[in-house]
Amino acid sequence: MSFLQDSSFFSMGMWSIGVGAFGAAALALLLANTDMFLSKPQKAALEYLEDIDLKTLEKEPRTFKAKELWEKNGAVIMAVRRPGCFLCRAEAADLMSLKPKLDELGVPLYAVVKEKVKREVEDFQPYFKGEIFLDEKKKFYGPERRKMMLMGLVRLGVWYNSFRAWKGGFSGNFEGEGFILGGVFVIGSGKQGVLLEHREKEFGDRVNLLSVLEAVKKIKPQTPASRQS
């Protein structure tokens, strides 16, 4: 009789542990899909961005200050998380859909990458047809770099973004560093400042294209008179 009581008590104990473990896992999954544990991006001041050193990707690279990109006409700049990532390729293609309108407004579209691995940049160019530059010190990914690692595997937004990119026919590889999150900037001409700063909160977090266009329309191209003032 005592054996049956012990067995029943043991079964109830194991059932309670199982329910508790399931509840803890469900709570962890729920919390992982909120923004509670995501690192908050630090806004990049114009002065910080202006002083970033970029390199061209030619055989004989030229180093220049990033402000050259937007000084006259402003610019839209994509900080690419990883060129070989199919999510990044989908983001780039999405942004490229604005190229005709940007050309009409006279605003250039650029991308920066944090490393040049094998042919990753060349293989990225079919999705992004603007000029691409190297940001070796990863300054466009700061001032405080944010990473997403294992949490990305359990976030529903990442799975949705992945499905959307896969359904769109995008594919990729695992070459290069892909944990440091990227973003998109719209920067006005001269000292007009940062008009839009989109920081990825998770893998495949695309910028709102209407927000990009709204910000671009605020750019005031520099004239000889405004450059002298």
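The backbone N, Cα and C atoms fix where each Cβ goes, glycine too.
Fair warning: this is a prediction, and the values are worked out from it, not measured in the lab.
As recorded in Swiss-Prot, the features of this protein are as follows:
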{"type": "ACT_SITE", "residues": "CYS85", "note": "active site, redox-active"}
{"type": "ACT_SITE", "residues": "CYS88", "note": "active site, redox-active"}
{"type": "REGION", "residues": "14-112", "note": "region 'Thioredoxin fold'"}
Specify the secondary structure state of CYS85 (active site, redox-active) as given by DSSP, simplified to three classes.
coil
Count the other Cβ atoms sitting within 10 Å of the Cβ of CYS85 (active site, redox-active), across every protein chain shown.
25
Packing count at CYS88 (active site, redox-active) (other Cβ atoms within 10 Å of its Cβ):
27
